[in-house]
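I have placed the structure first, in the form of structure tokens, so that the comments after it can refer back to it.
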Amino acid sequence: MIRDLSKMYPQTRHPAPHQPAQPFKFTISESCDRIKEEFQFLQAQYHSLKLECEKLASEKTEMQRHYVMYYEMSYGLNIEMHKQAEIVKRLNAICAQVIPFLSQEHQQQVVQAVERAKQVTMAELNAIIGQQLQAQHLSHGHGLPVPLTPHPSGLQPPAIPPIGSSAGLLALSSALGGQSHLPIKDEKKHHDNDHQRDRDSIKSSSVSPSASFRGAEKHRNSADYSSESKKQKTEEKEIAARYDSDGEKSDDNLVVDVSNEDPSSPRGSPAHSPRENGLDKTRLLKKDAPISPASIASSSSTPSSKSKELSLNEKSTTPVSKSNTPTPRTDAPTPGSNSTPGLRPVPGKPPGVDPLASSLRTPMAVPCPYPTPFGIVPHAGMNGELTSPGAAYAGLHNISPQMSAAAAAAAAAAAYGRSPVVGFDPHHHMRVPAIPPNLTGIPGGKPAYSFHVSADGQMQPVPFPPDALIGPGIPRHARQINTLNHGEVVCAVTISNPTRHVYTGGKGCVKVWDISHPGNKSPVSQLDCLNRDNYIRSCRLLPDGRTLIVGGEASTLSIWDLAAPTPRIKAELTSSAPACYALAISPDSKVCFSCCSDGNIAVWDLHNQTLVRQFQGHTDGASCIDISNDGTKLWTGGLDNTVRSWDLREGRQLQQHDFTSQIFSLGYCPTGEWLAVGMENSNVEVLHVTKPDKYQLHLHESCVLSLKFAHCGKWFVSTGKDNLLNAWRTPYGASIFQSKESSSVLSCDISVDDKYIVTGSGDKKATVYEVIY
């Protein structure tokens, strides 16, 4: 047995005297001495390893301290950014309300100044950040290239820093902070396998930092860090919950909250600047947009058996959605609360701006050339806010790589074995689920809301022209000037020409309002028609303003003589369909078209009051209709997911467009070859009537219930179950203005002079807006 001990000790380690002619003798004392030497050797090795492990533990503790400090600073910056965004939003809301009270020439100057304030170029941003870095470099008093370095001498105390110190932190955290979620997964994976060995090896009270700092270290003390990771996750969840609650409150309270304000008080709709085809990315982090209290109220205030937006027991009676609940939209924010004005470099813009422009400049909005996952954190513009801490925290590190500090940060990260990343986003696949991932945003890194769809189905974000929101005939915003308390859900509205009377259709009657005197709170007359329990679905005035045609959830159409001393029904048209969903009048006032619940389009001779023809083609209810200005072509949309055009001279179908969603509304541009379609899936699509090209617009969050073109043809409005009124530029859909009401907006109309908009909503009222140019 003792002889076998010689096999334990390689001769290369402890050579012994050896004579080839004599046998090898091994005594017990020599073996003990050899064992003692080996023990001392192992003890020395153990001591050396222990020192190295203690050194590593010390480094880990130091790095963990740095990590926590960066996290606290990032959180502080996030809070500061949120605060500044809120300040900017409120200031811009004040500006939007004050500007209309200025004289016309001053209005133009102020509006131009505000617009200039939004045009921040990359050169200006680089100069501003360079000044901040230089000031910070001088204040720290050391010569290192990055103001916040891993060396303790360059670290500020773990407190919330002022906004001025953000640049250095952003630069370095773009490399360190972006991967904050990776160590947690890595440590959990190794935790079970290494726990037993780690427990018997080095016992240290230090807390483990990021697991990827030393890739060659196989046996790490992960037990302590695992608990720290759980604690870290818990803190992040608490922060997220706090931010989500704030965001939802802001959505309800800081937009245009009709329920919390005097209905008669004029208010400007949020005057954002959607020149750039981008929108807030924070909303996109949520998979299912929660139903706000306002939408719940709107649903509860709308009779489920009658309203256009809810399902009925019989699908043939009322056009309905395939689903009673609004489709969750994550690719479109709540307009009015999350659409952010874009910053686009303007060629030739001088670096200096006037004091008003500089005071209105939106902070922390850095355009980034990367596509969506590497975009900037969405700043809150005139009516935007940060609603998701996840997006805000991740986006906090995504500063433009053109800044020199980012390169230094990458070098600092490389010293710790990390790849120099720019704003790694662990949830980038969740950002824009409804928009193909191969689509990049416009310059600025924000996902677009307007897309051009080519003939082969390729979607590309639309670059808006410089005159998208300026020029004759393009409104700046709309101001609510009157509320007409109808008393029932208002499913139909129309405005007289000239603009004096508004007709609102509810349950069993049409009420007539004189809006030339805003003080009038009562209708001037009430036209009882259909049955008392049946909803009016459409009412149309003949061009002379003397005749009103009313249709709804009944088989008859009522023709009213408004020129009589007392308005009276002069005729009724009876069809075989149980309901009429929409009406259109020919330009010569001789023919009326009605969309029937059985899918047919009935053509009525108004002079002889007879049915002269039926267009058959829709396999489900025909829900919406419009007619070309020359009276030769008719467009209809249906619940069979199709839009069809009809030749009125030949009485035949011309075209058919198939969609994947039910069609709830449409409008034909009075001056051009464009047809806008509002759908159940919350999209608005603008089709060219002779070419396969089209535009797809994403700002609504639920069904698009009504749509109307301005008579100039340069813009149109759409309303939806998401309580929103959106105004769009024809045809590419730049968002001109948005207004949020307190309930679903079921119907709308625009006056002939394009100066007034009227909407009918689920909270039993109609709202009159003045369009401000």
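Using N, Cα and C of the backbone, Cβ positions are placed for all residues, glycine too.
Small disclaimer: the values here were computed from a predicted structure and weren't measured.
Record note: of SER153, SER250, SER311, Swiss-Prot gives the feature phosphoserine to SER250, with no matching annotation on the rest. Checking LYS281, LYS315, LYS570 against Swiss-Prot, you find N6-acetyllysine recorded for LYS281.
Between SER208, SER400, SER522, the residue that has phosphoserine written against it in Swiss-Prot is SER208. Swiss-Prot records N6-acetyllysine for one of LYS60, LYS218, LYS237, LYS765, namely LYS237.
Within the list SER292, SER586, the entry that Swiss-Prot describes as phosphoserine is SER292. Looking up SER265, SER269 in Swiss-Prot for phosphoserine, the annotated residue turns out to be SER269. Regional average pLDDT for the region 'GP domain' (137-204) in the model is 44. In terms of DSSP helix, strand and coil, the repeat 'WD 3' (575-614) has 0 helix, 22 strand, 18 coil.
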